[in-house]
Structures are given as C-alpha cells and as structure tokens.
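Swiss-Prot annotations:
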- 1-10: compositional bias 'Low complexity' (COMPBIAS)
- 11-32: compositional bias 'Acidic residues' (COMPBIAS)
- 60-73: compositional bias 'Acidic residues' (COMPBIAS)
- 141-151: compositional bias 'Basic residues' (COMPBIAS)
- 155-169: compositional bias 'Acidic residues' (COMPBIAS)
- 201-366: domain 'Helicase ATP-binding' (DOMAIN)
- Asp214, Glu215, Met216, Gly217, Leu218, Gly219, Lys220, Thr221: ATP binding site (BINDING)
- 317-320: motif 'DEAH box' (MOTIF)
- 815-833: compositional bias 'Acidic residues' (COMPBIAS)
- 1047-1056: compositional bias 'Basic residues' (COMPBIAS)
Amino acid sequence: MARNSNSDEAFSSEEEEERVKDNEEEDEEELEAVARSSGSDDDEVAAADESPVSDGEAAPVEDDYEDEEDEEKAEISKREKARLKEMQKLKKQKIQEMLESQNASIDADMNNKGKGRLKYLLQQTELFAHFAKSDGSSSQKKAKGRGRHASKITEEEEDEEYLKEEEDGLTGSGNTRLLTQPSCIQGKMRDYQLAGLNWLIRLYENGINGILADEMGLGKTLQTISLLAYLHEYRGINGPHMVVAPKSTLGNWMNEIRRFCPVLRAVKFLGNPEERRHIREDLLVAGKFDICVTSFEMAIKEKTALRRFSWRYIIIDEAHRIKNENSLLSKTMRLFSTNYRLLITGTPLQNNLHELWALLNFLLPEIFSSAETFDEWFQISGENDQQEVVQQLHKVLRPFLLRRLKSDVEKGLPPKKETILKVGMSQMQKQYYKALLQKDLEAVNAGGERKRLLNIAMQLRKCCNHPYLFQGAEPGPPYTTGDHLITNAGKMVLLDKLLPKLKERDSRVLIFSQMTRLLDILEDYLMYRGYLYCRIDGNTGGDERDASIEAYNKPGSEKFVFLLSTRAGGLGINLATADVVILYDSDWNPQVDLQAQDRAHRIGQKKEVQVFRFCTESAIEEKVIERAYKKLALDALVIQQGRLAEQKTVNKDELLQMVRYGAEMVFSSKDSTITDEDIDRIIAKGEEATAELDAKMKKFTEDAIQFKMDDSADFYDFDDDNKDENKLDFKKIVSDNWNDPPKRERKRNYSESEYFKQTLRQGAPAKPKEPRIPRMPQLHDFQFFNIQRLTELYEKEVRYLMQTHQKNQLKDTIDVEEPEEGGDPLTTEEVEEKEGLLEEGFSTWSRRDFNTFLRACEKYGRNDIKSIASEMEGKTEEEVERYAKVFKERYKELNDYDRIIKNIERGEARISRKDEIMKAIGKKLDRYRNPWLELKIQYGQNKGKLYNEECDRFMICMIHKLGYGNWDELKAAFRTSSVFRFDWFVKSRTSQELARRCDTLIRLIEKENQEFDERERQARKEKKLAKSATPSKRPLGRQASESPSSTKKRKHLSMR
C-alpha cells in the first residue's frame, strides 16, 4: 500500500526524537562521569588529608601544592556545573522546539483537512448544502456573468482541478481499505471490527469527525486503538492523541492499549497534585508519549497543561456526557486544538433533537452552527411529512454515525436469555409495605405531589428488596448473621435457592443492585453461606477496582460471585468470565440495566448468558419493570419512526398507578406469600411470565407505530388489564382491612391485695403542674434584635417562675427551710421594654430574605433601594429601606461580617466598573456622526487575526445599546444580523469568547480616551497661554481710536 506524503514529515520528526533521546543519553553519561570524577577527587583529597607528614620541612611545600590542586579542581568543577547547566537549558530548548514543530505540523494538517470535507459530505447527501450556505457563496460569486458564460470556469482553473484529481487518484487519497489488520495489533480482529476500522480510516482521510456507537460489548475500544495503530504504522503519525473517559474506565483503557498495541506509549494523567506535577514535567513531554489517557475531571482541572499540545485525535468515551453544549465539560473540550474528534458511546442516541444537534455541533461546528436552523429543518408540519423527516435524519447521520448490534454482526456470540423471576413477600415485608401505604394514605388515595409520590415509591422498593434497609428493622444489637437474613425477604429466599444450582453447573454470577446498603446485606449473606466474592460500588478506589476485576477474571479464579452497584459497575468493565447476571432490582432507565448485562454478554463470552431479573409479585416492582420494557420498545422507534419528543421522567399519574398496584392483595392478608416451590419450577414460571410480557410489548410497539405525531399522544398509555386500578377506592380497601393497634395496658402487679387495688382506684394527690416557662424566641443576628438586653429580661422572668414553683412544692412539707429569694417578677416597665425590643427587630425576616438582600446589594449596590426591593418577595420598599438603614449602621453585629461586606463591595466595584465602561464607550461613540459605519479603533499591537474591524465595530455599538455584560443577547445579535450571515467564525463564538474580545476592545478604547483627553488638555492649555499673551493689544487699540476730548473728559471725571 502506498504511504501518504505526510509520512515523510512524520519520519523526520521521528529522527528528531531519536536525536533528542541520543543527546539525553549523552547528557546523562556526562553527568555520571562528572559525578564519578568529583567523587574520585574527593577521595584523593581525603586520602591526602589522612596521610602522615614525615618531614616537617617538606610539609609546607606539599600544602601549597595541595592548595593549588584544590583551586584547580574547584575551577574545573565550577566549569563543569556551568556546562551542565547550559546543556540542561539547551535540552529544554530542544524539547520546546520539538513541541512547537509538532504543533505547527498538526495545525497545518488541520488547515488542510477541511478543504475536501464539504465536497465529501455533499457526495453523501445534498442536505449539507442547507447547513453550509457560506461555502456556496464563493461559487455563486464565481458564477456571475452573462449568457452562456455565466457558469463557466477559466481554462487554468479547470486544469488545476484536473491535476488535483489526478494526484488524488495516484496517491489513493480517501480510498484506503485494509484487508488485514495492522501488524502492530496483537490478537485477531473480527471481520466487523476490521470493517469498523476501515470506516474510521475513511473518515480520517476525508477530514470528518465521527461517532462510533456500536452496541456495548462489540469492541469499540479495540477499534479505536487499531485506528491509532494504523496512523502509527501506515502514516508514520505517532500522536499525540488524547483519550478522555470516565475515571472508572481509565485502568481498562491503559490495559487494552498495552494488550493490543504495546508499541504505542500511553500516559495515564491522573492523581493528586504532586503526582500530576511529576507527570506534567517528566512524562507529558513532546516526543515522550503517544497517547494521554485522562478523566473528564482532570481534563477540566489540567486544561492549561493539556492546551500546550495540538492533538491529532481527541477521543471521548461515554460521549453522551457532552450532549449539553453549555456544560463545563463540553466547553472545556472545545478549547483544545485538535485535527480530529471521535466520540464513543454504547447507548443509542436519545430522541431529543437538541441533544443530537449538540453532538453534531461538537463534531462539525462550522457546519452545524445554529440550533435554530437545525430545529427548523426537521420541524414536522403535518402528518404526511413524517416519512420525509425520518429520511432527512438518516441522511444527516449517515456520514458520521456507525452503530451495529450484536445480533447483526457477532454471529458467533452465544445468545442472551432474560427471565423475570417473581417472588412473594415475607410477613415482615408485608407489615412494612402496609405501614408505608398507611403513613401516606392521603397522598396515595387522592394523589399528592409528584415528589411525595416518588418518595413513597422509593420506600416501597426498599421494602421489596429487604426490610433490613429500614432503621431498626434488623434484630439487635448484638447483630448476628443467620437464617433471619434470608427468611425475612422474598428475594433472599429466591437467591438462596438459585445460587446452589448455579454453583453445581460451574456458572459464575454477577449480582447488580442500585442500593449500596443492600450490597452490604448481600455481602453478609455470601460470608454466611461461604461463597467467595468480589465487590465494586461507587466508593471503591481505582486501584482496588482494577485488582478486584483482575482477581475475578484470572484463569482458575475461585471467586463465585461479583457484587456490583448498577451505576458504578455498569461502565467500562469486562467480566466475560461470568455467564449469569442477576438483577436484584431494576433501574427506572432500562439502558442502565442493559449496560449491566453487557458486562458479561460481550466479545470473549463462550457460554450462553442467562439474565435473571428479580421481581416482587403484586407490588410496585411489577409496574417498574413493565415501564422499563415499554421504554425499550419506544427507544427502538426513535430514529426509524422519527419520534423526536421523549418522555424522560415518570409523570404523577404513572407514579400513582405504580404505588397503588397490588395494595388490595397486601392488605387482604398478613401471611407470607413466599412459596416452597423448587427453583426449576420458579424458573419455568418466570419464562412463561417473560414470554407474556414480550408479547404484550410487541402489541404495544405495533400500537405505538400507528400513533400520530401529536404532542398529546401518551406513548406509555396502552390497553392493559389493570388500567382501571386508579379508579379503586383505596381508602375503602384500607378501612376494610384496618386493624386497630393494640391499646397499651397497665401491667398487673405480681401479688396485689384488695386494699392496694382500692388505693389505686382512689388515686394519689395530684401533683402541682410544672410552671409554663416562657420560651425565648429564636433570635438571629441578621434580625438585629438587642439580644443582650432581651436575654437579661428573659433570665429574670425564668428565675422568678422557678422560685415560685419551688415554694409551692415545699409549702406542705415539714422541717424544710424555705429557699432564699430568687428575684422579683418583671415590672410593668420591663414588660413594655421587652415587647418594644421584640418589635424593634426584624422578626419577619428569614435567612432566605437575608441572603436575597445580600445578593441584591451585590447586584445593584446598597444605595439602590428600589432595585433591591424588586428582588425581595413579600417585602415593601419601606420595609427594605428601614432594614437597609439598620444594616448599614449595625452590620458589624453579624457573624462573618468581613466576608459579607467584602462581597458587597466587590459587587459595587463591578457596578462602578460597568458604569465606567459604558461612559468610556459613550465618549468614544460621541466623536462620530454614524459610529455603526465610521467607528475606528486604534489597535496598536492588539489587532489579532480572528476578528475583523467590521465585527469589532458592531460589537462596541451593540454593547452601547444592550449594556455591558449581556453576552447572550450580544451572541443572538450576531446570529440574527444580516451583516454576518456568512461569517461562520463569528456566529459560532460562545458568549465567553465574545466577552473576552469585548474586554480587549474596551481596554483599547479607554487607552484611546486617555490619550484624547490628554491632547484636549494640552490644546486648552496652549489656547489659554495664547489668550494671556494677546490682551495688551486691545486697550492700546481702543485708546488710539478715542478722541482727545473724550480722554480729557474721563480724566476730569476720575478727579471728581
């Protein structure tokens, strides 16, 4: 196969790397030689010091000789240190030059790759011409002319185009197809994986970014690594590449790179600040690594270090994390300079048009720059347009997206069989289930708030899992492990029957649960039964996680069970050595359960994978599982049926139906419904129930296809035998089965007499009631009460009441002295003072009001009472003004007042700065008659290459119109302005980028205004000096023009 011309540059960079390495080795050898020489010199000096002096006359001569030798050695050592320091400096310079050369080469490729991109996309479908109108503008300009010459190009242009096509044909650009895997890939790639590699190569050669969305378990990691291996082997491109993935999968990425392509040098960029500093300085150096593997959090924290590099490929695993374009992660990833972006996801694209646009915008921001245009293009205007929308979606996604299912490509992979195993409740579970429904009877009967119903649902699901999840349910202390751990939960009884059968046939088991505390119970059970196990949950560290996976997967491992939390253990883990998956409870989102199942059902699996989904019969879990199946059925219709509006959360009616489901059966009996059936019989019944549910879902899918594309259609509403359950009188069910709680009876004394009974009936004399102690109201510092004085009055009142009560208790006793006087009651004046002090404070102001007041002060300044009052709910302007006055005088009474005042002053400084900016812009614009056309900015050295003068002029004028800080409005103004309709660079800028450019322009304007003011002052000063130099001429002129008689007359008047 012919190599690309770029390979020469890559090989030259390899030679340069080798030279740098050789120089580094020489430097290290020289350092060792110097160390050895200095060490030997020291030994000689020490030996000379220790040698005895035999002749007293010869000693001074030897001393002089040694002094000269020491000076000479010191001079040599000094020169060597200087030389080594210079070598270190040269080494750093070489590394920096290498980094700059590497970045320049990547940037040059980045500029070249876009040339054929639109052409390639337009070959796929003409739809991209709609999104990339700007690229067509140039061709329209070329087509200007008259008559038959309107659409012709010149002969030179035609020849140049032919030459380019010939060159592409000779070099095979864009036509590479590998028949065998790269030789540096260890192991054997499957046919569909090689096809996936060829698809990635085609994207690379056409300058296109893509989404690899194969189903989980098909080897997306291997396909990605093989692409980097292809670049290394056939193109001579060693990187640098960056892989950004969830923290839990970094260990797997490093292992897979070492396993499949050990020639690629991978660096794991993770750890505490000290470890990261070491990696930055010693490992993350140009020429020393090919792949940087890091987490989402590290990419954000260490973005400065990572931005030093221009990357060949940025690969994002679990790419659905960037579907929100406004998230910090998505913004950070857009900052990195890269030739190509590859997104990897195992979950299907959700049927949300905006999230789909966000991914496409990340891949091709210059083409998919406008979400509004994208939404308009796929807007469904009528029932007949549905098929057209589906076709448009398919055409847009085809060049970027590759998604294949196991059933389509991996014929040799054993099938996966799912069985729902239903089990009853124990007596203890029924008691708790009934108590939970009775506790929130009003909400369950009438339908409360969604949040309240969701909480009830969660509690009921905990009860279905194990009653010991509730505080105080487990007998103890002391807590013991025994059969009660099994018999008190139906699912544990089922698990205890199932595991011995699986152990007999040499199966290995993964048990998933959403609840970490349930994993604790399962851990106790496994220890009780003597089963060896591993465990991973959200609190498991990275090293411990990798060690557990390795211990479970190693050949001959005796670990029988692997306990995993569904969320933490469902990503990036290969546990194909297991062949049974037990879902102890089901997630609301069925995709999460699928991810969990695919830990075992993946490439490398030799056995049929059995999935057992536990379900508590006649309880909320039946409805949860049913809903999950419905959602999976709908997900299959997402793109193929053009359904663009997704129901993401459970609505209130669904929750109510789930909570009520099975209530009648729970209340009708107290006894346990756990049967003694054999496990084989339970599995057979489960298979029947699963088949019935599959049939129901098939009918539901058929019904859903017939629905119109109408917002009012409820995809979760279908014909169901239990549809009328919401109409049951739930209150009646509870009252019919209600058992009054037993009354608390007084225990009988062991041997009681009639006299004692009679005495008891007569009763003891009533004790005097405890005095009602006045409770001091809770006084907060922000309410500005006189707390010190109120506390004094309160304590005085309490002392008097307690003293009075003590007197009453002791007045009938004998030989007991009366206590000393404890104080007097509050006087009328003190009572009035107390009431007045309570009214002086702001008792109606809550902590929330106080925080709102502080935020408003930061936003508007302490003096803008009207604006502050507009932010306060339930407070009049007069109340706010009164509070602001007291706050200004007594703010030092507040806890942490320094921080509060600093925040307010910082906000006021921002307001002041904003006013200064608006004045500076206004002053600048006042110097022009039409600033929208005439405004000029003195750039100096800050012109920049990205923004032109027309863009800067528009930006300044819009800030003057909209106000400083309204960046989203400024961004919208650029997007809607006809002036910039073809300027995709400006239209694709984020609000933060526009803000940074505005700040740069404002600094230039302020500097220009200062220079203008200085010139104005200088001009006024010169004018004033000129005026002061000319006045003497005016009187002389007037005096010369006056007649002698008028002069004589003025003299006469002055004498008078």
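For all residues, glycine too, the Cβ spot is worked out from N, Cα and C.
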DSSP helix/strand/coil residue counts for the motif 'DEAH box' (317-320): 2 helix, 1 strand, 1 coil
Of Met216, Leu218 (the binding-site residues), the residue whose Cβ has the fewest other Cβ atoms within 10 Å: Met216
DSSP-derived structure type at Asp214 (ATP binding site), helix or strand or else coil: coil
Surrounding CB atoms that lie within 10 Å of the CB of Gly219 (ATP binding site), all protein chains: 21
For the domain 'Helicase ATP-binding' (201-366), mean pLDDT (0 to 100): 85
For Gly219 (ATP binding site): DSSP state (helix, strand, coil): coil
